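Engineer: Could you have a look at this structure, given as structure tokens, before my questions?
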Amino acid sequence: MLTRIALLLATNIAVVLVLSIILNLLGVEQFLREQGIDAEMVTLLIFAAGIGFAGSFISLAMSKYMAMKMMGAKPIESPRGEQEQWLVETVRRFAQREGIGMPDVAIYDAPEINAFATGARRNSALVAVSSGLLQNMTRDEAEAVIAHEVAHVSNGDMVTLTLIQGVVNTFVIFLSHVAGRFVDRVVFKNEGGHGPGFWITMIFAQMVLGVLASMITMYFSRKREFRADSGAAKLAGRDKMIAALEKLKRSVEPQNMPDEMEAFGINGRMGGSSIKRLFMSHPPLDERIEALKGRPV
């Protein structure tokens, strides 16, 4: 858990620093002031939104490529064998029922039962399953998992969470810069440029706000997970989806799913304390099963 938070903060700080330098070198802030937009907070908010959304959309645009590289996923271009043929045809069948373009289909080598979907557009997505899923699940259970991933694509969850991340990034950047400027000018009486007080306060505020932002993003991720379960129940059948989740309860906890894909997988890291649950991308499996049991067949 601490590693995930540290990676989030490090990435957020790196994006802010790099994009801030680039935009300042391009003279964007000076241009805005010359156009009469000299209200400091307005300029700062524009910068925050640009930086906040840029990082999210760059990650989204690269998501398929990065997912394939990080997971070592091998795309199925020409199915080899009955199992790969079944996998491709199952994805195609669900995609057609949802009215979306055929996603790329891939398999990655991992012992745990898991799968993920990613991609910038509904009609150009990627659905990947682990070798452990194909080896340890029945066809009915695997079908439900595939339906879950196709539902993520059909619901546009990748773009939705990217927009949410962009919004929270904007406020993290904006509020941390406001705090830094306040301390720099009011406490250290520095009216020219950004002194040490600004940088120390800004980075500290960004770390604190980044943790809160992660909690917000994970809250929405958990909500989208319930919706994907419901979509899978519609596509594959409620009982199949419940059976798949029951199988996941008895499976090995996923360890090597990168955070970028975990939110769109079928199985996330198990929670412990109430605090840890706030950072979970997936609801507890028991809650997901109970939600499906309350859904009409």
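Cβ coordinates are placed from backbone N, Cα and C, and glycine is handled just like the others.
Swiss-Prot lists these features:
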ACT_SITE  Glu149  active site
BINDING   His148, His152, Glu225  Zn(2+) binding site
TRANSMEM  5-25  transmembrane segment
TRANSMEM  41-61  transmembrane segment
TRANSMEM  158-178  transmembrane segment
TRANSMEM  196-216  transmembrane segment
Engineer: What count of other C-beta atoms do you get within 10 angstroms of the C-beta of His152 (Zn(2+) binding site), across all chains shown?
Structural biologist: 31
Engineer: For His152 (Zn(2+) binding site), name the DSSP secondary structure in the helix/strand/coil scheme.
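Structural biologist: His152 (Zn(2+) binding site) sits in a helix per DSSP.
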Engineer: How far is it from Glu225 (Zn(2+) binding site) to the residue listed as 'active site', counting Cα to Cα, in Å?
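Structural biologist: Rounded to a whole number, the Cα-Cα distance is 10 Å.
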Engineer: Just how many other Cβ atoms lie inside 10 Å of the Cβ on His148 (Zn(2+) binding site)?
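Structural biologist: A count of 29.
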Engineer: With every protein chain in view, what's the tally of Cβ atoms within 10 Å of the Cβ of the residue listed as 'active site', excluding that atom itself?
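Structural biologist: So the Cβ neighbour count for the residue listed as 'active site' comes to 27.
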